Amino acid sequence: MDLIAEQRGQMIREKALDLGFDDVAFVEAQFLEREAETYDRWITKGAHAGMDYMARNREKRNDPRLLVEGTKSVVVVLQNYQPDRNTSQGDEFKISKYAYGRDYHKVLKNRLKKLMSFIRTEVADEADGRFFVDSAPVSERSLAARAGLGWRGKNTNLIHPRLGSFVFIGELFLNFELPYGTPIKEACGGCTRCLDACPTGALTSPYELDANKCISYLTIENKGEISEDFSGQFDGWIFGCDICQDVCPWNWKARPHKEPDFNLRPTFGKMTSVDWKALSEASFDELSKGSAIRRAGYAGIMRNIRFVGSVRK
């Protein structure tokens with residue numbers, strides 16, 4: 001790697017951290033052959049459940065150069081969203097930590113936009129590219145792992161050695177070379193806490209997730225009714241689920257985030273089970289404004305509340 005690439009990488013890294021990202025690394029844009037084979041097997045099994053979009057654009061998902069023509073490098077950024085250990089969110093119903101505060105798509109995209117502007121004006125006149133935050137067919141965890149930002153844990157999440165797995169991932173596709181990171185060694189060892197803790201058996205084996213059984217899928221992406229086969233297994237989760245991450249020792253060591261936008265909204269923290277059950281559509285629209293919880297929609301949230309509440313009387 002030449003000196004220019006090293007200098008550019010250092011400038012981008014410093015700016016990314018200055019903008020508030022918690023870590024950043026670079027990976028060469030190339031075909032993710034090993035990951036593509038694993039992904040194809042996962043799709044063939046039907047483990048993506050009703051998320052049909054996951055089966056589309058597989059070629060682009062596993063090769064950044066096909067998604068954005070001319071891409072040579074991918075800047076991968078991480079944003080910690082691990083809340084303070086004392087954070088409490090009500091008396092019965094629970095929502096995933098990633099939805100506690102402002103919609104992460106907006107927070108990360110705003111910072112990536114600023115980073116792209118900086119690169120164009122201060123780093124490389126010829127710079128061109130696009131940025132993504134969970135909004136395109138991008139194999140983000142694979143790219144992050146290849147960049148050396150962590151490893152894919154047995155719960156299938158990216159685990160950063162310092163930040164844990166409660167991290168948002170963003171990518172910036174660029175048309176010039178950078179100093180690329182190297183993958184780090186997987187460090188789950190013999191631990192199976194995530195597999196043992198999953199109440200629905202969604203983690204069918206290490207590094208294998210069946211979305212058909214995953215509480216996060218069933219309460220967010222799933223548009224149908226929830227099977228009674230899962231009755232009594234949701235443990236109060238009405239939007240997403242953090243069980244396989246909460247039990248991970250790497251998250252016990254991680255420090256809480258410092259981003260005010262990701263703090264638990266006071267309105268969420270004050271919601272009791274009575275409040276949730278009595279929620280009107282208009283109230284939900286106000287409650288979910290600017291929040292990722294809007295993804296499930298009012299009908300989806302009320303379905304989840306009915307399902308969980310029916311076994312928690």
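Yeah, the Cβs are placed from backbone N, Cα and C, and that goes for glycine too.
DSSP assigns SER216 (cob(II)alamin binding site) to a helical segment in the three-state reduction. The feature cob(II)alamin binding site is assigned by TrEMBL to ARG61, ASP134, SER139, GLU140, ARG141, ASN155, LEU158, ILE169, SER216, CYS241, ASP242.
Look at ASP134 (active site, proton donor): DSSP puts it in coil. If you look up TrEMBL, you'll see ASP134 marked as active site, proton donor.
Per DSSP, the secondary structure of the domain '4Fe-4S ferredoxin-type' (179-208) breaks down as 5 helix, 4 strand, 21 coil. The feature domain '4Fe-4S ferredoxin-type' is assigned by TrEMBL to 179-208.
Under the heading [4Fe-4S] cluster 1 binding site, TrEMBL lists CYS188, CYS191, CYS194, CYS248. If you take the C-beta of CYS188 ([4Fe-4S] cluster 1 binding site) and look for same-chain residues 6 or more apart in sequence within under 8 angstroms, you find TRP151, GLY153, LYS154, ILE159, PRO206.
Sequence annotations record features per position, and here TrEMBL assigns [4Fe-4S] cluster 2 binding site to CYS198, CYS214, CYS241, CYS244. Long-range neighbours of CYS241 ([4Fe-4S] cluster 2 binding site) (same chain, six or more residues apart, CB within less than 8 Å of its CB): SER96, CYS214, ILE215, SER216, THR219, PHE234.
Long-range Cβ neighbours of LYS223 (tRNA binding site) (same chain, at least 6 residues apart, Cβ-Cβ under 8 Å): GLY50, GLY300. LYS223 (tRNA binding site) carries neither a helix nor a strand DSSP state and counts as coil. Sequence annotations record features per position, and here TrEMBL assigns tRNA binding site to LYS223.
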Cβ within 8 Å of the [4Fe-4S] cluster 2 site's Cβ centroid: which residues qualify beyond CYS198, CYS214, CYS241, CYS244?
ASN155, CYS194, PRO199, THR200, ALA202, LEU203, LEU209, ILE215, SER216, ILE243
Nearest of the binding-site residues (SER139, ASP242, CYS244) to CYS194 ([4Fe-4S] cluster 1 binding site) - Cα to Cα:
CYS244
Mind checking which residues of the chain, 6+ beyond the ends of the domain '4Fe-4S ferredoxin-type' (179-208), have their Cβ under 8 Å from one of its Cβ atoms?
1, 5-6, 9, 25-28, 42, 47, 73, 145-156, 159, 161, 214-215, 230, 233-235, 243-250
Are there any residues in the same chain, six or more apart in sequence, whose C-beta is under 8 angstroms from the C-beta of CYS198 ([4Fe-4S] cluster 2 binding site), and if so which?
ILE243, CYS244
Per DSSP (three-state), CYS241 ([4Fe-4S] cluster 2 binding site) is coil
Could you give the mean pLDDT over the domain '4Fe-4S ferredoxin-type' (179-208), rounded to a whole number?
98
Candidates ASP134, CYS191, CYS248 (recorded positions) - the one closest to LEU158 (cob(II)alamin binding site) by CA
CYS248
